[in-house]
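Input: a single structure, listed below in C-alpha cells.
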Amino acid sequence: CGTLLILDPDESGLRLFRSFDWNDGLFDVTWSENNEHVLITCSGDGSLQLWDTAKAAGPLQVYKEHTQEVYSVDWSQTRGEQLVVSGSWDQTVKLWDPTVGKSLCTFRGHESIIYSTIWSPHIPGCFASASGDQTLRIWDVKAAGVRIVIPAHQAEILSCDWCKYSENLLVTGAVDCSLRGWDLRNVRQPVFELLGHTYAIRRVKFSPFHASVLASCSYDFTVRFWNFSKPDFLLETVEHHTEFTCGLDFSLQSPTQVADCSWDETIKIYDPACLTIPA
C-alpha cells in the first residue's frame, strides 16, 4: 500500500502533520494552485486521489479511468483554469478538472509508458510529456492533439521539466544518463547536454530562482546541480543517500533550499553550497 505524508518543517527538523493511506503505491503528488490544503496523488491501481490536508479522512474523490499505473500528475499553474494532467503506463495522458468526476479528454500518441507530464508555466493549456518511447511531446489542450514530437534521446526518458524563465526551453533526463535542453523554436538539436550521472536520471527540475540552474537525481544515488550557461556546468554533486534517489524539488519560498527522497526511505531538506553563493 501507499502512504501520503504531509510534513511541516520546523526548527528541529520535519514534523509529521498528517498521513493518509491508500491501497496501492503512490507515485506522484501535485498541490492545488488555488487551495493550499488540496492536493492530488496518483497510484499503481490506475487512479488519482484528491485529498484535503485540513481533513483527517480522505480521499475526497477518486478518479479511476487509466487502465495501468499512473506515474505522473501535475496541476496547472494558470490560475484561471483548474486543470490536472496525468500520465500512465497505459500510454495515455488524461486531462481532468477536479470538480468534474470524469476526465475531460484523453491524449494518445505515445508508444510506451509515460513517465512524466508537466504543464507549461507560461502558456495556458500547454503541457509536455516524456515517455519510454524516447520522445518528448508538446500538447495543446485546445487542439486536443500533439503540437511537437521531439526524438530527444535514444533511451527511455524518465523526466522532463519546463524552464520557469523561458516559454521555449525544456529539459529531459533519460536512462542514457544525460540531461538535454530543448528550444521549441528549433528542436533538431539540443541546446545543451549535461553529462556526469552514471545511471538513469529519475527526476529533473529547473530552479524557480535562477534562470540557468537545474537539479537532477539519479539511480547512481546522487543529486547534481548544474548551470547550463557556464563552461563548467556541473556546480555540485550531493551524495547523502544509500539507495536510488527518486524524487527532487526546489523550494518555492527559499532560493537555496532543496528537498529530495530516496529508496533508502529518507527525505532530506537542505541548502546545497552552490545555491548559497551566486550562481
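Every residue, even glycine, has its Cβ placed from backbone N, Cα and C.
Under the heading repeat 'WD', TrEMBL lists 63-106 (among others). For the repeat 'WD' (63-106), residue counts in helix, strand and coil come to 0 helix, 20 strand, 24 coil, using DSSP.
Summarising model confidence by region, the repeat 'WD' (107-142) averages a pLDDT of 95. Sequence annotations record features per position, and here TrEMBL assigns repeat 'WD' to 107-142 (among others).
Per-class residue totals from DSSP over the repeat 'WD' (150-186), listed helix then strand then coil: 0 helix, 20 strand, 17 coil. Annotation comment: TrEMBL describes 150-186 (among others) as repeat 'WD'.
Tertiary proximity for the repeat 'WD' (194-236) is limited to same-chain residues at least six positions away from its ends with a CB under 8 Å from its CB atoms, namely 156, 158-166, 171-175, 177-181, 242-250, 252, 255, 258, 260, 262, 272-275, 279. As annotated by TrEMBL, repeat 'WD' applies to 194-236 (among others).
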